Amino acid sequence: MDAIWWHIFDLLGTTAFAVSGVFAALSRRMDLFGIFVLSAATAVGGGIIRDILIGNIPPAAFKNSIYLWIIVGSIVVVTLTVRYFNIRMWRRFMSHLSALYLLCDAIGLGSFTVTGTLLGCYYYPDYWILDITLGVLTAVGGGVIRDVLAGRIPVVLRTEVYATASLLGSVLLYGAVIPFEVPFEVGAIVSFSVTVAIRLVAIRFHLNVPRIRRKKQGSSF
Amino acid sequence: MDAIWWHIFDLLGTTAFAVSGVFAALSRRMDLFGIFVLSAATAVGGGIIRDILIGNIPPAAFKNSIYLWIIVGSIVVVTLTVRYFNIRMWRRFMSHLSALYLLCDAIGLGSFTVTGTLLGCYYYPDYWILDITLGVLTAVGGGVIRDVLAGRIPVVLRTEVYATASLLGSVLLYGAVIPFEVPFEVGAIVSFSVTVAIRLVAIRFHLNVPRIRRKKQGSSF
Amino acid sequence: MDAIWWHIFDLLGTTAFAVSGVFAALSRRMDLFGIFVLSAATAVGGGIIRDILIGNIPPAAFKNSIYLWIIVGSIVVVTLTVRYFNIRMWRRFMSHLSALYLLCDAIGLGSFTVTGTLLGCYYYPDYWILDITLGVLTAVGGGVIRDVLAGRIPVVLRTEVYATASLLGSVLLYGAVIPFEVPFEVGAIVSFSVTVAIRLVAIRFHLNVPRIRRKKQGSSF
């Protein structure tokens, strides 16, 4: 595995999710500790689940301090920006906050889909279910922990194309690097781009996964 | 351990819980991804917790594709049935949906009580707390994950005889196969039958676990 | 590691959290099974998370039956006391229940901060993030599981100084025993006292972790 590319996507995803966690906590008026927990859970929660499932104990997030500094840095930069913004720029910032949050979240989703799937392909190339599940769980796990801690129904269970984007990216990456032997870094970049693109297109056009409906409408199910 | 009987109960429980997960998702009008997540969490969630606790890494659900096909098959069969039912049969079906759901859930509960406890007895025969806990956690774990993801208080914490049935079946199985050296397959069938019977009797007669009450009524606690 | 002191704090914390879990369940009018689950989740949940993260499989709570007997004993003593209290003493007891609950919870928090951090320092002295995280997760993990199961937002995410007390105690303990080579038992007693003291002072004076605020009040964030 070309470790450089793996680390690039790992750090990119951690940063994007850490920032998205800070945005989420700020919009709920949490205190400093709540901001740290939501930011950390979103940034490293998926990776911890991934490491437990493949037996990488203790999880990487606890061994390498770079993850902590990314989280602390994201909190400092975002909260200082929010704290010292003047009122005119503040309103402009707030009107873009939701878009910024969704963009960071999409970048994190794409990055962690790549890192989870690649790690699975590297250690267990024969278990396709495991590898694709690792991609999806790494990508959506942090958000699930964040939402459960915050007492909300996790975003992946609501109607948007979220985990589906990660699933498609992960299947694409596994299919490319294992049966077709595409180089890991090429597969990673393509899979990241496809996942982020699907997610952003789904947000832009309000796409949803189809529901199961009965042929005739009538009695409510 | 007679591996055939273990696999029979494992597949029976997976199928019953996968179907019950689809019913639960349909009754909440979830989309196709939500149906898959609820069905998969209910069907293999308990087994994944069990495998993490005994160090069976990666968990069996990710190594053997039979679990995925059971989940996909359950979704296809149930949703196609629901989708193409004509309106007359639909109403009859709906009036039995709740009973079908509870029956599938009871069968899954009994099956996974057996598989969890047997696995514990096989690997760690001396740790009775571990073995009985494995039986209960395998049986109720999937439902807990399903309910937490769906933002509900888990069914095991509400007032019905649910985990209690699993606990009694697990204690019976451990007591039979370890101190009394009953053959594994005999203990498994008896334990499964007792667990399912207790659960169904509790549903039929609305039995609850007793509450702690003060002697005199008066000030509310 | 001076194992005696580790076990003393482990048993003290288990007992305090088991009792606090029974109080929590009683105040929500749960049945006997709900009381057992809340008490057990609070008492051993944090330790199970800790053991999974450092690869101590199966977790200690399942191998040593002392934990089960502490939980069962706490339930029997507390519920019998509540059940057979006469009405005059009952009212006096109820007026102190909240204070008793908070005291038990603070003692559990301090004890598990010590046991988690010490275990980390013993097995992985070089990973300071892991060791401090183990202290905090062992201390707050049981409460998080309890609150998630009970459908509440976990106490650590609400505004009190809770995990912060554990974090300070854990940093103090790690800093004392690793760089300054203070004996484990001295560090443990000091860290326990500081954690409990911070928590009780915070309860007494309603201290909160600071929130991030904008400079000018005006548009709501």
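For all residues, glycine too, the Cβ spot is worked out from N, Cα and C.
Taken straight from TrEMBL:
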DOMAIN    B:8-81  domain 'Glycine transporter'
DOMAIN    B:103-174  domain 'Glycine transporter'
TRANSMEM  B:6-26  transmembrane segment
TRANSMEM  B:33-54  transmembrane segment
TRANSMEM  B:66-85  transmembrane segment
TRANSMEM  B:97-115  transmembrane segment
TRANSMEM  B:127-149  transmembrane segment
TRANSMEM  B:161-180  transmembrane segment
TRANSMEM  B:186-207  transmembrane segment
Secondary structure content of the domain 'Glycine transporter' (B:103-174), with strand meaning DSSP E or B:
58 helix, 1 strand, 13 coil
Pairs 6 or more apart in sequence, C-beta under 8 angstroms, 3 or more of them: is that satisfied by the transmembrane segment (B:66-85) and the transmembrane segment (B:6-26)?
yes
Who are the chain neighbours of the transmembrane segment (B:33-54) in space, where the CB to CB distance is under 8 Å and they lie at least 6 residues beyond its ends?
10, 14-15, 17-22, 24-26, 60-61, 67, 70-71, 74-75, 79, 108, 112, 115-116, 119-120, 123-124, 130, 134, 137-146, 149-150
Recorded stretch, among B:6-26, B:97-115, B:186-207, maximising Cβ pairs under 8 Å relative to the transmembrane segment (B:161-180):
B:186-207
Against which stretches of its own chain does the transmembrane segment (B:186-207) lie, if we need a Cβ under 8 Å and a gap of at least six residues from its ends?
5-6, 9, 102-103, 106-107, 109-111, 113-114, 117-118, 139, 160-162, 164-166, 168-170, 172-173, 176-177
Per DSSP, what is the residue count of the domain 'Glycine transporter' (B:8-81) in each of helix, strand and coil?
63 helix, 1 strand, 10 coil
